[in-house]
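Engineer: Sharing the feature lines straight out of Swiss-Prot:
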BINDING   C66, C69, C92, C95  Zn(2+) binding site
Amino acid sequence: MPRAARKQQKNLIQNIAVQRMWRLFERAKVELPENPERSRHYVQLIRNISMRNRISIPREIKSRICKHCYSFLTPGYNARYRLNEGFVVITCEHCGKEMRYPYKKLK
């Protein structure tokens with residue numbers, strides 16, 4: 001297979017993988033109130049897809065997943081969001097771990 005065709009096929013597979021991750025993300029969001037375990041399973045599938053295809057999880061999805069127990073985080077349901085000294089601190093209510101994301105203060 002020529003190099004250009006191989007690259008085109010790889011791009012197609014990566015696009016399909018990203019679309020599937022977004023679809024699973026939406027399903028996890030819908031399933032969380034009724035069935036949290038199924039929601040966690042969808043998050044695990046997102047991680048498996050990204051590892052299998054060696055692509056990173058999109059930032060919008062990654063920020064809604066606990067980095068320790070891989071549960072889907074929803075503010076007010078199973079996560080606590082706080083602003084603390086230039087950081088957004090997200091506390092997972094399932095495992096109790098905290099994730100810190102910096103933000104830029106407006107002058």
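Glycine residues also receive a Cβ, built from the backbone N, Cα and C atoms like all the rest.
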Engineer: For Zn(2+), what surrounds C66, C69, C92, C95 with a Cβ no more than 8 Å from their Cβ centroid?
Structural biologist: K67, H68, Y70, S71, L73, H94, G96, K97
Engineer: When a 10 Å sphere is centred on the Cβ of C92 (Zn(2+) binding site), how many other Cβ atoms does it contain?
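Structural biologist: There are 20 of them.
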Engineer: As a test of the contact definition, list every same-chain residue at least 6 positions from C66 (Zn(2+) binding site) whose Cβ is closer than 8 Å to its Cβ.
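Structural biologist: The answer is L73, A79, C92, H94, C95, K97, M99.
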